[in-house]
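Enquirer: I'd like to ask you about the structure that follows.
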Amino acid sequence: MASMRNLILMAAVLAVLLIVPPFLGLGWQNALVNILIASLFALAFNLLSGQAGLLSFGHAAYFGMGAFATLHLMLAVEDGLGFPTPLLPLAGALAGLVVGLVAGYFSTMRSGVYFALVTLAFAELFHSLTPHLQGLFGGESGISSMRMPWQGIIFGSVLEVYYLTLGWVMLSILVLWAYTRTPFGRLTLAIRDNEQRVRFLGYNAHTAKMVIFAISAMFTGVAGALQAISNETANYALFGSQISAQVVLQTFVGGATIFFGPVVGAVSFTLFAYLVSDLTRSWLFYQGLIFVLVMLYAPAGIGGVVQHHMRSLRRADWTGLAKPYALAALGALLVGSAVIYLTETVAVLFGEEYSVNLRNAAGAYPGYHLFGLSWSPVSPLTWLVPLVLAGVGAVLLFKVRGTIAAKWEAMGRPETESTKAPDAAKLKGGAA
Amino acid sequence: MEFAIISTLNGVTYGLLLFMVSAGLTLIFGMMGVLNFAHASFYMLGAYVAYAVSSIFGFWAGLIVAPIVVGLTGMVVERYLLRRVHAHGHAHELLLTFGLAMIIEEMIKLFFGDFPVNYQMPDYLRFSAFSVYGTDYPFFRLFIGATAVVMFALLWGLLTRTRTGIVVRAAERLPSMAEALGHNIPIVFMCVFGAGAALAGLAGAVAGAFYPTNPNMGLELGVIVFVVVVVGGLGSLKGSLLASLIIGLFSSFAVGLDWSVASILDLVGLGGWAHSIGGLLTLELSSVSATIPFALMLIVLLVRPAGLMGERN
Amino acid sequence: MSTLHSQTGFALQLTDVTKSFGEISVMKGVNLAIKAGERHAVIGPNGAGKSTLFNLISGMFPVTSGDIALNGRSIVGLPPYQINRSGLARSFQITNIFPRLSVFENLRIGVLARHNVRFGLFQPVSRMRRINDEARAILAEVGLDARAADMAGDLTYSEQRALEIGMTLTTGADVILLDEPTAGMSREETAQAVELIRSVTEGKTLLMVEHDMSVVFSLCDRVSVLVYGNILATDTPKAISENREVQEAYLGEETAS
């Protein structure tokens, strides 16, 4: 039943992704390309970090390698190599696989914290080395190429790139999903749970981890390739810690214990960045804040919260919950606005523009504009607003928290795995 | 000879600075099993707090206030954030500190801007300690090294000679046992976390006055510090010291050397071939000095996966 | 596999095995020969090195010197997974399962290894009938059918111990090492566990660490007494219980306390 519902849901999503984009503007088409790439990146990353429990902080390395390999192939196509443009991501896959095998060999010699540190170091190694390699990575400025037409398809418009990306991302997601059903997919989960026991059941855990690493890197390479095809350029910044950090954030905010959790995170963050990054310089700050809040209060991520509610869909006392949930939302909104208000105020008051104004004003504190209103930094009202917002919101949240917890407590535990078929129950562990 | 002496001095002072940051990291890890990703952010925070305080109250005030502020920040982080997620396991703690590192970096950018700030040592410290073969050697480098040495003498004394130190070491080995004996382990954890953070903050306050102070300094040093703890063996103070010095020396020597694989192949007559290939083969050591620590780490991983002084899992 | 131990007649043979951790020597030249098909217990006071002995045999720690032969072939220096593939499986003193996988999955992992589909990537595991049937058979053998779909971490303690025993069976090993399989169980649970161990090790070689002498008496053909890194004696349970030296070193202490 549940799988039938999921299937219909997925078909609907796919239909929307196929039909709607031609009616969208260029900006949205581009944003969708980025969302698709981020989703694939996060899923590939989660194969390693969520399913195998090996936390990587350097996945930018394989993303970047995929992008550069693809650009080199594109350059060769420009020079007359007869390689079909739609198959370009294969270069990224191959590069990711090969580099992933080597890096995976080293990093999987250790587990846990060591593993995380070694992956980080690998990415930094590439980041520090590649600007000095003119031939392969184009030095600091990177390399560029152009998409060549193939079989009458010009690949000139964003829409064509979008459909190419969509095809590859859907194919990859399908393969990654099928992976979880294979014996090796199950072994991946067993390694996450108890690596030592796996060894005493006749498995070479190091080789297994290396292969998982390489497969994750391979699909990450495909994501990088799609990015290269879309941008037609790449430079060493692709190996930067920002890229590695983004995918960690997206995956764990979305929920690493659920197959589509990372997609939830990737879609929401990329969408948010597209909508908000023009409005504020503090976007990365908010991102970090959201991430830490999720880690503190919803360890299984957004996906985990959604799953928890879906499981209790029929039993939960929704009418009883509606009011406290609404109050909680209001409280969160108030506290959220206070935080945004303060952050943006700080951004203005400590910004360069204001410091110039301050110098010109000779001792006085000039006013400033924010959210379409004028404010004065010396007026008590300016500071009373966030104080009141945060205060009221915090009180609301504090009060309603107990009520919600009590209501859930009264409903008992959500359906456990025991009510499901053995094969459906695998991927959905508890909290990470 | 001049090159060797200068490079050795630079390497040792840089190594001691690395040790100042990595010691707190490894101490916290050894005791609580938490790898604090935000540790290098504490270093950066120290530099910025010192910068802000010193611009009003003078250099020395900054040097004193910075570790206190950063130490208190560390205690708050341990008490109100880390302890909350402890039940979810170490990976979760790691992720939380990773998020904190991001927040600290972005907050610094928010207040101080995304560019280097002008945090300088006072003019009366800007003199040369001595000159080697006609080159003046800045006193402040020695000052950085000396600060690290003094800190460590103090820390070592505290850990081995005082009652508190013995409780800390007991808690590191067997937390539950120490707790059963009536020691307040949560407080000990909080204090050790704070002390480690304060140490990083002090390192930032001292080093920031010499090296550039910018929002990337946390990440730049942090990555090297992580390499140090992997090479030295997580949880081993001695290992950290050894690895810090090794990496400090390697880095400082590499900066001044224009060796490349091709120049080595020259010795056996293959230089021409290597130069025609280019790429990695003609890359000069000086231009990849930032890469050296990572290469070193990979070698150590191959030869001694547990690190130089680390115990096997 | 099982024909290989014909040369010596011993399924497992330890010769002058020593082990030191730094300065401390915990195995001081252990000689032990387990006949094929016998059920053999290792007893001894706490800290005698019983678990270390198991860790040496199963490849968790390397031996300092000496030889360990499985079915006549030396397994010294092999990693745990190769020792397992050579036909030796072990359980752990502290329950060591996959807590967030289903009970069925816990067993299937081992069955997959046995059938060499360790890195199978091209067929869904649900379609592998033989493997699923075998896992289900072991599930029934250890009496956990009803809990097949539950998360292993949610099982009761004695169910987890049963699962642990089931997992050692999955890889098809003919030498089974059980480390205190009845520790922490009530008398009733212990009796059940003994019956379970008896039935599942039928036709196999069993080496177990056990504290409970009644378990040893009812289950084992022979007993070895390990005291501070030395084998004090090896004999039938009855003879061991009458051995004065053993009584002084171990049993006396046990009854006195």
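Cβ atoms are placed via backbone N, Cα and C, with glycine included.
OK, TrEMBL features for this one:
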TRANSMEM  A:7-25  transmembrane segment
TRANSMEM  A:31-48  transmembrane segment
TRANSMEM  A:55-75  transmembrane segment
TRANSMEM  A:87-106  transmembrane segment
TRANSMEM  A:113-133  transmembrane segment
TRANSMEM  A:153-179  transmembrane segment
TRANSMEM  A:252-277  transmembrane segment
TRANSMEM  A:283-306  transmembrane segment
TRANSMEM  A:327-350  transmembrane segment
TRANSMEM  A:381-398  transmembrane segment
Enquirer: Which residues of the chain, 6 or more past the ends of the transmembrane segment (A:283-306), have a CB below 8 A from one of its CBs?
Expert: 249, 252-258, 260-261, 264-265, 268-269, 272-273, 276-277, 339-340, 343, 430-432
Enquirer: Within the same chain, where does the transmembrane segment (A:252-277) have neighbours whose Cβ lies under 8 angstroms from its own Cβ atoms, ignoring anything closer than 6 residues to its ends? I mean 6 or more beyond.
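Expert: Sequence-distant neighbours of the transmembrane segment (A:252-277): 27, 31, 34-35, 38-39, 41-43, 45-46, 49-50, 177, 180, 246, 283, 286-287, 290-291, 294-295, 300-307, 427-432.
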Enquirer: If you count every Cβ pair below 8 Å, which range out of A:7-25, A:113-133, A:153-179 shares the most with the transmembrane segment (A:55-75)?
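Expert: Comparing A:7-25, A:113-133, A:153-179 against the transmembrane segment (A:55-75), the winner is A:113-133.
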Enquirer: If I count Cβ-Cβ pairs under 8 A between the transmembrane segment (A:31-48) and each of A:113-133, A:153-179, A:381-398, which range comes out on top?
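Expert: The stretch with the most close Cβ contacts to the transmembrane segment (A:31-48) is A:153-179.
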Enquirer: Counting Cβ pairs closer than 8 Å, which of A:113-133, A:153-179, A:381-398 has the most of them with the transmembrane segment (A:7-25)?
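Expert: Comparing A:113-133, A:153-179, A:381-398 against the transmembrane segment (A:7-25), the winner is A:153-179.
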Enquirer: So if I exclude everything within five residues of the ends of the transmembrane segment (A:381-398), which remaining residues of that chain have a CB under 8 angstroms from its CBs? That is, six or more out.
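Expert: Answer is 327-328, 330-339, 341-342, 345, 375.
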Enquirer: Quick test of the contact rule: Cβ under 8 Å, at least six residues beyond the ends. What residues does that give for the transmembrane segment (A:113-133)?
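Expert: Contacts with the transmembrane segment (A:113-133): 54-61, 64-65, 103, 106-107, 139-140, 236, 239-241, 244.
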